[in-house]
Amino acid sequence: MKVILASKSPRRVEILEKIVKEFEVVQSNFDENTIDFKGDVEKYVKDLSRNKAIEVSKRLNEPSIVIAADTVVFQNGKVLEKPKSEEDAFSMLSSLSGNTHKVYSGICLINTYDDTVVTDCDCTEVKFSELNPRQIRNYINSGEPMDKAGAYGIQGLGGAFVERIEGCYYNVMGLPLNKLYKALENYDITIL
C-alpha cells in the first residue's frame, strides 16, 4: 500500500523519512481558514489534520495511507499559527520571550482502502529564553520564522532561543514521530 504525506512541509518530509522509506508528497488544498479555533486546541489541530487528509484522499485512485498533520503554538489561551507579516512575527516572538508555551500537533491517517480514520494529538512544552528586540529583528530578517507556527523553527536558528523542552522534539518540528510510528504499525507497510 502506498503512503502519501499530505503536506508540503520539508520538515515533515524529513521526519517521515526517518521511519518510512517510500512515500509520495501530495500537498493538501484544504483551506485552513474554514475552521475556527473554539477553545479546544487538541480538537482544533485534529480537525485541521483530518480535513487535510480527507481532501487529499479524495484525489487518489489507488489504496493508500494518507498522513496529514497540523501544528500550532498555544500560549495564554491564544493559538499562534504562521505569522502573517514581520510585525506579526515580532509580536509572537516577543510574547514567547522568557516564557513557556505549548506546541500541539494533530495527526490524521486515512486508509483509503477501507476508509478508516485515525487521529491523535501530541503536546510539547517549550521554554524560551529572554530575547531583546535586536535578537528578534535579526531572527526575523533571516526569513526563517515566516513559514512556521509561532514564528520559530526549533530545528534551525530558532533553536538557539529554546532553554528546554518537555515532550517530543519532532512534535515541535511539526510531526510527532513516536505517535506516528505507533499509528503506522497497524498498517501493512514497511517502517524503519
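Positions of Cβ are set from backbone N, Cα and C atoms, glycine also.
What Swiss-Prot says about this protein:
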- Asp70: active site, proton acceptor (ACT_SITE)
- Arg11: site 'Important for substrate specificity' (SITE)
- Thr71: site 'Important for substrate specificity' (SITE)
- Gln155: site 'Important for substrate specificity' (SITE)
Closest of Arg11, Asp70, Thr71 to Gln155 (site 'Important for substrate specificity'), Cα positions, recorded positions only: Arg11
Nonlocal residues around Asp70 (active site, proton acceptor), in sequence order (Cβ under 8 Å, 6 or more apart): Glu32, Val45, Leu48, Ser49, Lys52, Ser105, Gly106
Pairwise CA distance, Arg11 (site 'Important for substrate specificity') versus Thr71 (site 'Important for substrate specificity'), rounded so that it is a whole Å: 12
Cβ-Cβ neighbours of Thr71 (site 'Important for substrate specificity') (radius 10 Å): 28
Other CB atoms within 10 A, centred on Gln155 (site 'Important for substrate specificity'): 17
C-beta crowding around Arg11 (site 'Important for substrate specificity'), within 10 angstroms: 20
